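K.L.:
If you scroll down you'll find the structure; I have some questions about it.
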């Protein structure tokens, strides 16, 4: 469609120029060996959570505004895709194939950035509670031009993803959450970026960093980055999905994978004696499961909007903020930082300029009746 071609050209025009990565400055050998291309407008601001101090019941809480990391789509997938999509380009891929829930921010980011870079995108989506955010995500996915496949349950989603991969032209598979060693380096780099901001006096060094976690990649990257800095900061992953997918063993595996990846490419990394990584998986906010509303996450939706200017949702940001409120009250003497993973880019946060009719018929039922939140 001509309109979508015009949109893709405009999207490419929103991609930033190259920048120097703190990770490559720290380990220069990586710049010659690790695929990377600029997508993020970084560094992102780090600011006090002054707008929601009443809700939190305290001050001394900061936020890292990765919601503003790109005018195309913000959140915590953009830094990962700088590595992952560069790898797809290097390998000569033509089609990105991925899997996620109806409201998956990873799927939306894959659709938007993949199409902006000229890839075909196929996304297989599993069911979750239908929310306003899930509907907006589906419309944004459709508007990007991605091919959407209804997966249903987890087992049928896996089978349909395998089928889609087998049929795709030069496919490149992106794991749920985009969590593997290469893309998770984006949040090692992000932690080094935060350290530069702390050194410049833009924010204090946090005692704890709170972030929603599904597949664990953001927690793993931040925790390894903190260890490389020698910081005693604890990364708190607020679990938003089932324990089998989000637990300490998964995060430790991801950290180990990144360490092996770096050791093979940067001899100076192997000579370091890193302190133990410090992270926790906090289950208090998950409720019945992935995407399921809870009273606390619903109450947090307007507070997210006060903080970053767009409404929160119950899958990620609402649950993270609800947990942050409790963590802050339990640890009144600590400096805490909330790492934003929602997008505040209006083009993706608001309703897309297409309607449900742009989706395959299998998705029509998700636009019928009331939403869960």
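Here the Cβ of each residue, glycine as well, is placed from N, Cα and C on the backbone.
Bear in mind that TrEMBL entries carry predicted annotations, made automatically and left uncurated.
Residues or ranges marked as domain 'Tryptophan synthase beta chain-like PALP' in TrEMBL: 40-338. TrEMBL lists 77 with the feature N6-(pyridoxal phosphate)lysine. The active site, nucleophile annotation in TrEMBL covers 104.
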K.L.:
Would you mind reading off the Cα separation of residue 77 (N6-(pyridoxal phosphate)lysine) from residue 104 (active site, nucleophile), to the nearest angstrom?
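P.N.:
Spelling it out, the Cα of residue 77 (N6-(pyridoxal phosphate)lysine) and the Cα of residue 104 (active site, nucleophile) are 11 Å apart.
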K.L.:
Taking the Cβ of residue 104 (active site, nucleophile) as centre, how many other Cβ atoms lie within 10 Å?
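P.N.:
For residue 104 (active site, nucleophile), the count of other Cβ atoms within 10 Å is 29.
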K.L.:
Please report the number of other Cβ atoms within 10 Å of the Cβ of residue 77 (N6-(pyridoxal phosphate)lysine).
P.N.:
32
K.L.:
Calculate the per-residue pLDDT averaged over the domain 'Tryptophan synthase beta chain-like PALP' (40-338) and state the result as an integer.
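P.N.:
It averages 96.
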